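Structure first, commentary second.
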Amino acid sequence: MVDEVLKIESLDLEARGIARRDGKVVFVEGALPGERVYAATVRRKPSYEIARVETVLTPSSQRVEPRCPHFGVCGGCAMQHLEPTSQVAIKQRALEDTFWHVGKIRPQRVLPPLHGPTWGYRYRARLSVRVVPKKGGVLVGFHERKSSYVADMRECHVLPRHVSDLLLPLRAMIAALSRPERIPQIEVALGEGVTALVLRHIEPLNDHDITVLRDFAARHNVQWWLQSKGPDTVHPLDPAHGDTLAYTMPEFGLRMPYRPTDFTQVNHAINRSMVSRALKLLEVQPTDRVADLFCGLGNFTLPLATQGREAVGVEGSKALTDRALEAAARHGLEGRTRFATLNLFEVDVSWLRGLGYFDRMLIDPPREGAHAVAQALSQLTPAERPRRIVYVSCNPATLARDAAIMVHEGGYVLKAAGVINMFPHTGHVESIAVFESLADDEVLHVQQQARLKAELAAQEAAEATVQAGAASEQPA
């Protein structure tokens with residue numbers, strides 16, 4: 001049913017227009033801020049509705065024609081109909097709003113956004129595979145939007161052109177395998193001049209399958225890696241391909257090798273800009289000792305080691321820290337780097353003190369954030385704490401949560417923050433924030449007030465528990 005005309009006020013990070021009707025929020029798929037649209041309601045909830053655009057009556061000046069013919073069906077992109085600079089502005093607003101709503105803080109300065117290529121930027125991707133006879137056989141691509149179905153993709157403009165051109169040949173190749181229905185996914189990882197494809201196969205491959213893979217690799221100049229079970233089972237079909245994937249950071253003289261299933265940034269161009277900005281914001285001095293928490297393969301640790309006295313990388317996986325150490329040695333940085341393997345989701349202040357004093361700190365956690373690290377930092381005395389911290393985030397909500405701890409309990413100031421457009425045309429918000437410690441007496445005051453507040457909250461909770469227990473013992 002087509003509803004009355006809706007006026008779109010804003011946009012959420014799923015690229016849904018937000019309108020209001022009779023006091024209820026309406027999320028309108030396909031609409032942009034400032035537009036007047038006819039929309040069909042597709043779902044009604046007590047506090048909100050979801051609708052779909054039927055007709056755009058007054059188009060936004062920010063509306064553009066999506067480049068991809070699959071846009072709107074494929075779930076890989078959500079914002080191709082919105083002009084790229086407007087996409088970034090929406091992400092910046094979302095970041096600032098989240099800081100305030102979650103943490104009751106605002107950055108003193110908004111950093112200019114980091115921009116990079118908006119098309120052909122995805123150097124990593126996970127493509128699902130399904131055998132669907134009704135759609136002509138095998139499908140290879142991203143999931144449909146909000147669905148477990150695989151989109152019928154024939155091209156993809158956020159993948160590099162040569163990878164997009166593989167989508168149809170991959171369909172034919174998988175169809176030629178002995179058990180195509182037992183191939184659930186293919187991961188794509190690109191290095192400089194190298195394209196690696198990781199084939200997830202639930203059942204063992206036979207000689208015929210191996211021949212098909214080798215023929216495809218020779219015809220399309222790709223490497224095949226095979227994965228029969230978990231990540232530890234990944235290995236190259238050709239052993240000579242074991243250490244050929246890499247990305248470079250020429251401004252630091254670094255070449256970073258990695259395996260196709262390792263975590264590396266999707267957008268190599270933005271990664272270089274991000275690392276450069278992080279180091280500039282940290283203001284590392286030649287005498288500084290710097291910590292890099294959640295260091296992974298050393299994406300920040302090795303550049304930090306080129307500028308400071310010592311860079312200490314900490315990561316939960318020993319396999320990653322071992323390889324980061326190998327990369328450091330390959331560049332002659334073993335004397336200026338150290339790596340530790342620790343679960344950073346369970347650290348406390350005594351662990352942090354055990355690592356020694358750091359002049360600067362970089363934190364780059366996964367989506368879960370760095371809650372335990374933020375709590376430990378907030379308990380350090382003025383003499384023990386890093387004076388400046390840069391936090392790189394892929395989740396505004398956990399960044400705001402951790403920032404609130406550092407500011408309201410630890411005596412840090414949120415000096416600056418801004419977005420990194422790592423994933424153009426999606427709602428994903430990557431960001432970077434800079435924290436600086438207050439003066440020593442101000443830090444002590446903030447920490448004391450936080451302790452008093454926590455003690456009062458604990459006392460009130462205990463009293464409420466006693467009262468609830470007493471009430472439950474009263475006769476009916």
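Any Cβ shown, glycine's included, is placed from N, Cα and C.
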Exercise. Given that Swiss-Prot annotates F294, N299, E315, N343, D364 as S-adenosyl-L-methionine-binding, name the residue from Q227, Q265, Q379 that shares the site.
Key: Q265
Quiz item: Which single residue out of C156, C295 does Swiss-Prot record at the [4Fe-4S] cluster site shared with C68, C74, C77?
Solution: C156
Practice problem: Show which residues of the chain containing C77 ([4Fe-4S] cluster binding site), separated from it by at least 6 in sequence, have their CB under 8 Å from its CB. | Solution: P66, C68, F71, V158, H425, T426
Quiz prompt | Candidates C68, C74, C156, C394: member of the recorded positions with the richest Cβ shell (10 Å) | solution = C156
Practice problem: Rounded to the nearest Å, what's the C-alpha distance separating C394 (active site, nucleophile) and D364 (S-adenosyl-L-methionine binding site)? Just drop the number here, would you? | Solution: 9
Quiz item: By DSSP, how many residues in the domain 'TRAM' (1-55) are helix, how many strand, and how many coil?
Solution: 0 helix, 37 strand, 18 coil
Quiz item: If you measure every Cα to Cα distance among Q265, F294, N299, E315, N343, D364, the residues said to bind S-adenosyl-L-methionine, what is the biggest one in Å?
Solution: 22
Quiz item: Once the chains shown are all counted, how many other Cβ atoms turn up within 10 Å of the Cβ of N299 (S-adenosyl-L-methionine binding site)?
Solution: 26
Exercise. Work out how many Å separate N299 (S-adenosyl-L-methionine binding site) and C156 ([4Fe-4S] cluster binding site) at their Cα atoms, rounded off.
Key: 28
